[in-house]
Amino acid sequence: MAYYSYSPDLMKRLKEEFVSNLEGTTMREIAAMSALFPAFLLLRQCWPESSVLKPETGSSEEDSKSSMIRTKFWRSILLDFLVIVVPAVACLTVLADWLYTILPVTFGLLFLVLGSKRSQSSSIIGTPVEKNRNATRKIYLSSYRFVMMLVTCMTILAIDFTVFPRRYGKTETYGTGLMDLGVGSFVVANALVSRQARNLPPSKYGGVLRNTSPLLLLGFIRLIVTKGVDYQEHVGEYGVHWNFFFTLAGVSLLTSLISIKSSWCGPLGITILAVYQIVLSSGLNVYLLSPQRGQGLLSLNKEGIASTFGYWGLYLISVHLGYLLNSKQTNVVQTISPSSNIETEKKAVTLRRGVVVGIWVLDVFLWVLTVWADYFVERISRRTCNLSYVLFVLAQNFEVIGIFMLAEVLAPLREIAILNVFDRNMLPTFLLANLLTGLVNMSMYTIFVAPAKAVVVVMLYALTLVGLMGLVDVKKLKLKFW
């Protein structure tokens, strides 16, 4: 019987089975993948800016200037897509088995470019201090957040095709897959730039409700839509009704219940994780990973509800680390004032190098703790968000942050169009990616699509996502209504 004659119920079951019972891959392979994607972005940030069309400075016509700026923007977006997104999609699909060949070649090329640019009088991407740059913005954080969102958006569709390696998918119980990093990385990315991490006063109760209610609304909308159209779901991921947005809302609500200094968020997060892990090791993990469910809401959504406490601990630790990153002492960008003397410049260089060394020491420490916890405490499990999973997520994310910090010490990173488009609208970008993923899945039987066609579909999906979010940026539309 041809697959196009399968009943909707059978196709739904086949799709659910296609993403179930996965065992993941090694932490080494995921670490290598996590290093490769930043390299693509850095190569683009090394690209000579003169290669992008600039508006004529002598024109007095405002509409002409505006048109030329838009042309420059879209050309830049297209170049960003070709240099960053296309190779990223290829490495997630048809080139996945060539990872350990592509990685050294890409970094070798990057080091050559860095070396040649650094030997010139100008920096990698212009002057040491860019006039139009926001001095308070840390581009390495924006670059990290972009890479995290790009990989997340690409994998949520690619996983539905056979061209995407099964080892990169979310693991069933224990283990590490590339997609296991998704929700944890999203929590870390939000925490690093949160109000607490920036040492701003906490939101009042009205502000908390305003920030949390949209997440709850999105969670219920996703629940109603997926149940309404009978969309395929992997129940073992969060539970019968729970989803990603409910987890984010839960973390937000739990955080709003406490009023604590940013510098104390880390110790509190560690305490929460320690207590949670003790409860897991006392038998809760067996219950959470068991396929048996009762009739109550708590039992039906046991994974999603319980793991929220693990994500809460992860969030608080990330807030503390974000607080340290957002301090003036961790500014790795070279800023030399005309009045500064040689001694001051030497101290600034030493401080910048010290910050980067500190981040890499922290990341190595996190990796050691991850391996220790995975062997001696409990194997990594995204479903329960246990201690080893939290350490794994932190180690992976700070590996990416460390790469960008190191690059920014060598030379200030240039803000490129696609980076700003994603960074300004992270949640709307993820929402649009989910919508497009649903449309693709409802328009074709993804598990029967040939590899070559699948790559084309994912590329077109990526181009549509980037194009629509670019249009939002050009039109200056405000998608955050809360």
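Every residue, even glycine, has its Cβ placed from backbone N, Cα and C.
TrEMBL labels come from automatic prediction, so no person has curated them.
Database features, via TrEMBL:
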{"type": "TRANSMEM", "residues": "73-92", "note": "transmembrane segment"}
{"type": "TRANSMEM", "residues": "98-115", "note": "transmembrane segment"}
{"type": "TRANSMEM", "residues": "146-164", "note": "transmembrane segment"}
{"type": "TRANSMEM", "residues": "176-193", "note": "transmembrane segment"}
{"type": "TRANSMEM", "residues": "205-225", "note": "transmembrane segment"}
{"type": "TRANSMEM", "residues": "240-260", "note": "transmembrane segment"}
{"type": "TRANSMEM", "residues": "267-289", "note": "transmembrane segment"}
{"type": "TRANSMEM", "residues": "309-326", "note": "transmembrane segment"}
{"type": "TRANSMEM", "residues": "355-377", "note": "transmembrane segment"}
{"type": "TRANSMEM", "residues": "389-413", "note": "transmembrane segment"}
{"type": "TRANSMEM", "residues": "425-448", "note": "transmembrane segment"}
{"type": "TRANSMEM", "residues": "454-472", "note": "transmembrane segment"}
If one takes Cβ-Cβ under 8 Å and requires six or more residues beyond its ends, the residues near the transmembrane segment (146-164) are 15, 18-19, 37-38, 41, 84-85, 88-89, 92-94, 96, 178-179, 182, 185-186, 189, 397, 400, 418-419, 422-423, 426, 429-430, 433-434, 436-437, 440-441, 446-447, 449, 451, 454-455, 457-458, 461-462, 465
When only pairs 6 or more apart in sequence are counted, do the transmembrane segment (389-413) and the transmembrane segment (425-448) reach 3 or more Cβ pairs under 8 Å?
no
Cβ-based contact of the transmembrane segment (454-472) with the transmembrane segment (73-92), 3 or more pairs under 8 Å
yes
